[in-house]
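Data block below; observations after.
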Amino acid sequence: LEQPLQNFTVCLRSYTDLTRPYSLFSYATKAQDNEILLFKPKPGEYRLYVGGKFVTFHVPEGHRDWEHVCASWESTTGIAGFWFNGKPWPRKGLQKGYTVGA
């Protein structure tokens, strides 16, 4: 049985010399291609999208090294969390009460 998501955490490591915008993680549903999207519009910036809305997290500019990021979201509080290389960033509000489709 497929259930909608009420919360999630996604973690990954990446290494690149790209300076153009690119996606790191995408979760698609029948209704929306990027229901969840972890996106890097430029060096030093990450965006977490949930249901088409996003919050931005600014991080130190990359020095061509591995970057470890985690992003989390919880529907009931709308809290979006972000960790960069193990350090938590200030939490932000995003899509409170929203349900991510199955």
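Heads up, the Cβ atoms here are built off N, Cα and C, so glycines get one too.
Over in TrEMBL, the protein carries these features:
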type: DISULFID; residues: CYS11-CYS70; note: disulfide bond
type: DOMAIN; residues: 1-102; note: domain 'Pentraxin (PTX)'
My understanding is the cutoff is Cβ-Cβ under 8 Å with a sequence separation of 6 or more in the same chain; which residues meet that for CYS11 (disulfide bond)?
HIS68, VAL69, CYS70, ALA71, TRP83
How many other Cβ atoms sit within 10 Å of the Cβ of CYS70 (disulfide bond)?
16
